[in-house]
Amino acid sequence: MKRTPWLSWRLYFLTIPIDVIVLLLSGDHASTQSNDFLNWAILSLLAHTSIAPFTLIALFFTSKINNWKSDLFALFTLGAIRGVAINVGFGILDLEPKVSSTYKVINSAISLPLWFVGIAIFVESRRQYQREFEAIFLRSVRNEQKSANKNLDSTVIGNRDPIKHLQSVASDLAKEIEEVINQSTPQINYAKQTRKIQDLINKELRPTSAQLWNSLTLSKPKLSISVLIRISLLEQKLKVTSASLFFSPYIFIGLNGSQGWKFAFVATLVASFLNIVIFYICELLHKKAILSRKTTNVAILSLSYFLPLCAILFILPDDLFWTDSVATKIVYQLFLTACHVLLLLGFNLYKLLGQQRFTLLQNFEQLIQAKEFSPISRDDLTAARDIDLARYLHGELQAGLIATNLLLERASTTGDADLAQHALRSAVDLLNQDHALVSQTRITSPQSRLEKISSGWRGIADVKFALDWIDALDASTLNDAIALIDEGVANAIRHAQSTTISVDGILTAEFLDIEIVSDGTKMTNNAAGLGTKLFDELATSWNHSRNGESNLLKFKIRIKN
């Protein structure tokens, strides 16, 4: 899976309510009646809308560059544009700002990236967990197939309409090619056979694999947002110091323009200092086994609101604030605490995403095996077979037929009759297979599939493997790894005209890192298809780059200990 960008249309729309709330509660303007608040809400919507065309332009460039630096630069720029739009809106809606135009632009340029990056981290966390959780569930389904002998007969799968039709069309073409093989060599029309095989790929094979893929109904458990929030805020140590220090410049900048540096400094110091002190006191009680983890975190979150509020109401001098209203001070502290908690959520989700993900996923796997989630149904077993069949059709079968076509084209150019006969015979063997059966039995013999990949492209590309990592992997991980290799090799040959490809694997404690190095032309970013979906589903992360004259495709797969 590629990294989640910090700028996207999804994030643009998700930040609209944040924009409205922040601008309404901001202390850099004067609001005395409900009509003022309505106008400020309208202004926030207009300001957010104003950056839409610039977001479109920014996305064009960030999608090409595809790194965090370009995303962050674009967000700073969009934030500044939003600030300009707010300044223009002051005059249109007859609103009264309390800061200069320049200050508002700077404030907006800092604020907007915080919103986008924070939400992106949350979205990334949930999506990656869900994908790996689904992989664990699928592995459990396959284990259930083996242990309970619940495998459906391949004829049950093969008799379904799409597969039955594909099998029939493939068999008819195989018979036709066999008749061609029996003809004398000068009578063989290589171009005609190539065209027929390509038509089968385009009109039958690809639509069938896409139909299977898009109609999957695996009833995998969902990781709800509430589960991730609970785990992040209540079941692990909170990153209060990082969140407080990260948020302090935002508090100071937001208050300095409207209330002056003195109030901004005191408010920032009180908020940050008290949050950190509360955290260390509660953590000390937790280390001494006086408080549980959940109680500790609840105490930290609640005290981070009440203690600063008490300081504001009873300790700090009244003339330090812009208002004597107790209700306004309560809302002010509520806003600061809400922002602090949201930052804690973001930092802790990022922590889960990295350091503690493997432990958490192991816990999820234990829950599945203990059947604490809904039991694996017969429909799940069928869906798992559909997944394997779709991967087989899109991967091995399609790659084999494409290799046959390339060999036929070469035979047509060189006049090599033996090569043509070999290619046609390979096509017949592929087309005559019981595709439903092969898609299942291939799971049990993954090592032989690597040799099949290499031999399938023989005469077109030299594909070499380093296999010292194979024996240490479980069957499920190995099956996924080979499916990724198969697709990666096929893409290198089809899209970059590669003739030399090497595949290597590096095994660590938690991951298998696969590198596919190939020569050929530079790979381009085409529209995402089934191959991209396969990469996203099976790999924890993946990326493609150009290294000198070579293309480099990397996969990272989490292994099962």
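Cβ atoms here come from the backbone N, Cα and C positions, even for glycine.
No curator has checked TrEMBL annotations; they are predicted automatically.
As annotated by TrEMBL, transmembrane segment applies to 7-25, 37-61, 73-93, 105-123, 238-257, 263-286, 298-318, 330-350.
Only residues 6 or more beyond the boundaries of the transmembrane segment (7-25), in the same chain, are considered here, and those with a CB under 8 A from a CB of the stretch are 31, 37, 40-41, 43-45, 47-48, 51-52, 55, 58-59, 62, 71, 74-75, 78, 86, 111-112, 115-116, 119-120, 123, 331, 335. Here the transmembrane segment (298-318) has long-range neighbours at 233-234, 238, 240, 266, 270-271, 274-275, 278-279, 282, 291, 324, 326, 329-330, 332-334, 336-337, 340-341, 344, meaning same-chain residues at least 6 beyond its ends whose C-beta is under 8 angstroms from one of its own.
Per-stretch counts of Cβ pairs under 8 Å to the transmembrane segment (37-61) identify 73-93 as the leading one among 73-93, 105-123, 238-257, 263-286, 330-350. Of the Cβ pairs linking the transmembrane segment (238-257) with the transmembrane segment (73-93) and spaced 6 or more residues apart, fewer than 3 are under 8 Å, so the two regions do not touch. With a threshold of 8 Å between CB atoms, the same-chain residues lying at least 6 positions outside the transmembrane segment (330-350) that come near it are 25, 27, 118, 121-122, 125, 228-229, 232-233, 236, 238-240, 242-244, 246-247, 250-251, 271, 275, 301, 304-305, 308-309, 312.
Using a Cβ-Cβ cut-off under 8 Å and counting only residues 6 or more beyond its ends in the same chain, the transmembrane segment (105-123) has close neighbours at 4-8, 10-11, 14-15, 18-19, 22, 28, 47, 72, 75-80, 82-84, 86-87, 99, 249-250, 253-254, 257, 342-343, 345-346, 349-350, 353.
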